[in-house]
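Okay, here's the structure, questions in a sec.
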């Protein structure tokens, strides 16, 4: 009789809900940027809303089981914020502005493979190429890279001509050469953002184990992200008028993206990282593209291109070959339990008593 793994399906449901929420955030951000809102100003407001939303949860839900907050933990969270909030948003939003919502999220399908490659480098995963499992992992990773090259180098024809209003507007204002150059630059920015985001999964997975209070850690991470994003905003443009948000849709979108995107979604991902590891958590990221494509096609009237479809299909095939190998890798659970090399003063690995208490905290 097959045993029903409650914790596994709880994590699956959690990541599915997170990806729906993040896909809506992506579509909203695309619309706000197209309307002229500064990309880093939007990120700063989003993180500020998320920080204010999470403070009460961090204070009241984790006041009895919060470990000592040392200087090294704060430094680790500052670095995590740099990877997971400010820098990744900076590069991703440039790519989003220069391409489309659907295309930009097609690149997110690379996250599991890049995360797996980084996990190998940092010894969070193992790879034995002499076994079928090891070869499946390697093959899946290589197929994902090939799919990413298709996305970058081949745009193809539009598959949704009846919904071409959005791209026609850009075509009228930009020459074909300029559009091609912007699309290529956007693709490069998206690749950089994916590498940064994948690195965040590795870093945050370690932090979540030595400091398992996801509300507190996410609140601090968001606060650092506010400071970093504000500085990036001031470096790129110093006009005070860019901080004024008058449009009602933009206000509502910033509130939603802060509460859901930077608040609940990051808390949920921190919980899943601690429970299931970086590769499992990142493997659900391709779902964002599916939901975002539906929302973008319906509300933003974006084109869907042949290259995006082919590249995405190749990446997804590679992804699930990788996941098959991951699921068959019996040593994965042993690897996750190995001592962490993240040297955080006063913590080390999280005590058993702390972990058992932290499991009671809801990630909702």
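We number each residue from 1, going along the chain as drawn.
The backbone N, Cα and C atoms fix where each Cβ goes, glycine too.
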Look up transmembrane segment in Swiss-Prot and report which of 215-235, 341-361 it refers to.
215-235
Do the transmembrane segment (304-324) and the transmembrane segment (138-158) come together with 3 or more C-beta pairs under 8 Å, pairs six or more apart in sequence?
yes
Can you say which of 9-29, 41-61, 76-96, 138-158 has the most Cβ pairs under 8 Å with the transmembrane segment (102-122)?
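That would be 138-158.
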Out of 41-61, 76-96, 138-158, 215-235, 277-297, what stretch is closest in contact terms to the transmembrane segment (9-29), meaning most Cβ pairs under 8 angstroms?
277-297
Between the stretches 41-61, 76-96, 183-203, 215-235, 277-297, which wins on the count of C-beta pairs under 8 angstroms to the transmembrane segment (251-271)?
41-61
Taking the domain 'EamA 2' (195-323) alone, what is its mean pLDDT?
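Value for the domain 'EamA 2' (195-323), mean pLDDT as a whole number: 84.
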